[in-house]
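Asker: First the structure, which I've put down as structure tokens, then a few questions once you've had a look.
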């Protein structure tokens, strides 16, 4: 105390903006300007030389931590009647100074909570500055999910359009067998006998097709004991080799001169085989009656213009695109909100949260400041997402007044989902584990719930009433489900 003024002169000779902060018993503290930290070594050297003269035991410089902001008011009545004139006496009695001026004195509960709120926000700001990569990822991940889906919808998805005309021809198919059967009880040469030969030669002119008569057992050795009719041959082939029946037998024809009729059989797996077999039979008859091997009838399938049902299908495709965009939003925001738990888990395992509460920090201010900061942090990527939707002109979500509705929905989703992430953060001691679990939970609670409701809502299952009861429960418990 005897050398207080002398020591202050030494300090001010180096740092003119310094002043006495506290004086408790034999401890003397000064507040130094942080913007002149380059002069601190000179000050320490000067004080080191004056140690014996001023009887200085120890000299040190320290930066106030954020936890030192939190303090306890012992007696509210004494504080309200606090006299600003006797500074030294009141400092020793209460230790209530948060700064160097009397105006910094906290005199009521609400001022204390307000200062704690500001201090906690300042701590979150410092955390963001020190973890720039995390801040960048919180913005980039949701935006990237949406951009990838929009690029896929714009460039990868084939939009429905008018189908081009299709020529119906046998050469479009792979190697196949074309059995035919000629039925005639007499030995007399008939018209259908000649037509069957023309049919066989016409098909064999295609290199990918081998036409053969079931009466001829030398050409193809398939089901030779079951060739009484086309049906018996196909049934036998199905039992012995279903793959050959399904993949290599597109058609079969029966020329029946007894009943004077031609019956065409076709494989219904390829869409255009029915008109193909009809065209082949017609061409055989045409070649027989015109006695011309060069003339043929060509069949072209040209679709009619789109009807109203096709327009409805296009609308369904548009709704599907909206669902894809909504799903990508859900995935991206799930990662974003899960990242908010990292800071809270770090606060818990480092003991900072415990120290703040022991220093009379308000739990309400702790959680309120966390929510306010995270919600503002959440709104920044939301603004970027809406900007991306505007760039890609997704009118289903931002057209007319829908952009306002979308902003309201995303804001309510953040208000509902962020507190849920806080609850989960209390159960983890490793930030990465907490982040992984919350992210997985967010995705599963959304997609699994939606799948369950969709399945139960299928009319043919008869469980629609169960879906009606479960859906509001899921909407209340799972914010991701409500968002989906």
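Every residue gets a Cβ built from N, Cα and C, even glycine.
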Asker: Need the matching range: TrEMBL marks transmembrane segment on one of 304-323, 404-423, and I'd like to know which.
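Answerer: Comparing 304-323, 404-423 with TrEMBL, transmembrane segment matches 404-423.
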Asker: To which of the residue ranges 112-132, 133-153, 154-174 does TrEMBL assign the term transmembrane segment?
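Answerer: Checking TrEMBL against the ranges 112-132, 133-153, 154-174, the transmembrane segment one is 133-153.
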Asker: Quick one: which of 435-456, 457-478 does TrEMBL have down as transmembrane segment?
Answerer: 435-456
